[in-house]
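These come from TrEMBL:
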- 635-651: compositional bias 'Low complexity' (COMPBIAS)
- 430-515: domain 'Ig-like' (DOMAIN)
- 520-602: domain 'Ig-like' (DOMAIN)
- 666-752: domain 'Ig-like' (DOMAIN)
- 757-847: domain 'Ig-like' (DOMAIN)
- 629-651: region 'Disordered' (REGION)
- 1-22: signal peptide (SIGNAL)
Amino acid sequence: MTGVLLKCLVLALCVGAHRLLAVPRAEEDDGSGDSASTLAFVFDVTGSMYDDLKQVIEGASRILERSLNRRTRPIKNFVLVPFHDPDIGPVSITTDPKKFQQDLQELFVQGGGDCPEMSIGAIKKALEVSLPGSFIYVFTDARAKDYRLKRDVLQLVQLRQSQVVFVLTGDCGDRSQPGYRAYEEIAATSSGQIFHLDKQQVNEVLKWVEETVHSMKVHLLSSNHDSAQENKWEVPFDPSLREVTVSLSGPAPQIELSDPYGRVVGEAQGLKELLNIPNSARVVNLKFPRPGAWKLKVSCSGRHTLRVTGVSNLDFRAGFSSVPVSEFNQTRERPIKGDDFMATFLCLPGLPAHVLLKCTGLKPPGQLNHVELVSGSGRSLRTIPVPLPSDLGQQGLWRLPEFRTPSQSFFLKGTGKDEEGYRFQRLSNPPAVSMPDVVKGFYMQPVVIGCSVESDVPYRLRFTRSGITLGDEKFFQNSAIASWEIGHASAEDEGLYECIAQSSAGQGRALTQLTVRDPPPVLKSAVNVTSSVGGVAVLSCQVEGSMRHNLTWYRAGRAIRARVGRVRLLSDSSLQISGLRTQDAGEYHCVATNTHGENKITAWLHVPGTAGTIPRRLLLWKFTPRAGLSPKGTRSASSARRPAPRLPSSSGAMETCFLLISREVPRITVAQQVVIVSVGGDATLECQATGVPPPLVHWFKGELEVGSALFVEQDVHRGTLHIRGVQEVDAGQYSCVASSSAGTTAGTAILEVGVGPLFSEAPIDVTASVGENITLPCTVRGSPQPSVTWRREDGRQILTRADSNSRTMQLESGHLLIQSVWLDDEGLYICEAKNQFGTIKTEARVGVTGLEPPLLAHGAPIITTGIGQSLSIPCMLLDGIPLPERHWSHNGKPVQLTGQMFLRSDGSLYIERAAPEMLGHMSALR
């Protein structure tokens, strides 16, 4: 399901046509407005989930109704991701609650299958299409089969800051398996939880979901524990907290909450139990708690997680930088990270970090006192005092002194006092950067969809539409601006476009909606007119195409609207001037407008002076060179002669001086039509322009002008464009436009960027049973397209096409196919890709398992029959991988099969007529 307009994702949309200046992170709402989140259900549609599905459909109706009745609506859209091994989807995305309910109703459970399911891939899909800060609920009765995707999901969780809650009505019976531990890590990283329920208890969790979907949710406390224990916490509740929710997931959960006076609060004091499942979870909620220091005591009899959240407009965001900065839009959402994502932040140990905190809802004299770096179990790793800013916090920005990041994952916990002196406490929950909702394009005109990425590490970037990748994936070393260009936009191009950047530090995504409308009128180029005094001049103004428009002529800022007279409009919107006078010469502007905008051209009317009023005089022209005039002026395509006062000459004749103002339309010569450079190299495009007056040269990519940045320089006088550290996105056609008062001329140059091989899909170690078929993927990209070859470490040959004598072959896609795996297929396989810009290789090990020795069933030791009678001696095979061959012997010698004695398909020996010489010991060999 597409067509939904999404907002607030990771990357910022820019208007540049290629890589220029990094766009600062967009400032976001202060929290007072409505937030935009997604409610996503990830549902296992195997046959065993039938009862769960019925309850989810009923619960979803309540959740939608409750959400839509709130004054502030936290839910902007709804996502449904069904999965059933091996398929995921189709994904439903809608802003219409009724459509979401209809999609739920249309789900149907199917089949059964093995217990582990493709659940992690489905969660990944839900995170990819959901807005930041969303609510994702996973319903399944099986652990994950595709747990190797956990890393990708953890990166998305950290990037989106969404919460993932698991509602499990089964787990395949073993919670030590990596497929189950992946659920635990995802829940812990996202401040979510796992609930183990009986199938009839799913409805209870959905009631809790109704209560917890909030638009102004803040985090107060988070801890994870691997063993049974009792913990006590002191949590300050400040006056801005409208409600507080304590959620404890684990066996035998117990929660005790005491007010600032030490009194245990219960139902009589407003404590509401949202969920109570004795061996799985307990959730309680308290609205408008009394401000002060509350005591929280929790316990579980095994591994458990604790989350304390609230509803408040007082919160903070953390921005990271490697050097001190003064503006929040100069920071990043996360510090420089390592390869794993286990909690809110994970850094390279020992790196210096600077943090700028942006507080909302905190007014002076309230202040932030200190920030703690807190581990996943809630243990304080470091406490950093927060200096009071010079403006006393009026702007809401608080700067931490430089500190060294710890080697483990951590949260930021900020504590301070509000303007009334009450202590407050918040955990970090940095959101993603916002981007515009819509990109507007004009029908049959070029459209550029831009994407700005801030990154300190190399990354790959691609554009997608409806899940389909557009063009080739690009590679960047650091922050850059990329774009997807549509040459001639039409209604078919409208829809949702996504920009995806993937690096070792994580994945960022941004979405925007493209709308296409009719363009402003497009005018044909102006034609200058020269006519003599007393004559007639017609200035034309023509609009290309058949679009509706209004057209107006202007002279010296005044509109010309007359249809009759010496200066009048003709039926085709041309401007006619009769009885020309010298004062009619000059600029005329034609402006065409419609509801979508306007366009204008300038036409020049030249009316030369005349000396024909002086009879019987010889008129001589004399050219006196003046500074600043080109000697080519006599060939001017556009000139104006201004008469000066008449002066008597020494010969008695009258001499009139004219100042010749010369104009020559610019001419362009492209120094090199095609420039080829490798990624990271420097490229110079040059257009040599001449004309009078000297033109200025500007460079364009698509319809947008190339600006200047640290890595881009253009010299408008020399006509050069210099790009340092060229990236793939810089490739394309560039236009150099030379312009002056005499006109405009354009030329084109093409920049081709060569890229060394990069793996899009690399092989991984695989273990297969004897007789299975396996495929080792090896997909590469680069420019030009790299060649792929496979080889074995032991030097054995691998064919590049199918051969009847080989079970191992390289496919056209570059993948390696091994059919009917056997023991000698074990070993290390190497995939190598190369083009003129480099060579890369990777390797994968193939292991072979599953050998089982032959096993025959024991039959009767003695078989008696009569001479001349038929006889069948069984040979039942119980086991054996690969399938064993069966052979018979008689008294230790191989049986000679004849028409009277032959083998049946089940391996039994059939004797047509028994004879005395057949007496003896018959054996089946394997």
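Backbone N, Cα and C define each Cβ position, glycine as well.
Taking the domain 'Ig-like' (430-515) as a whole, pLDDT averages 75 in the prediction.
In terms of DSSP secondary structure, the domain 'Ig-like' (757-847) contains 3 helix, 49 strand, 39 coil. Residue counts for the domain 'Ig-like' (666-752) under DSSP, split into helix (H, G, I), strand (E, B) and coil, are 3 helix, 56 strand, 28 coil. In the domain 'Ig-like' (520-602), the DSSP tally of helix, strand and coil residues is 3 helix, 39 strand, 41 coil.
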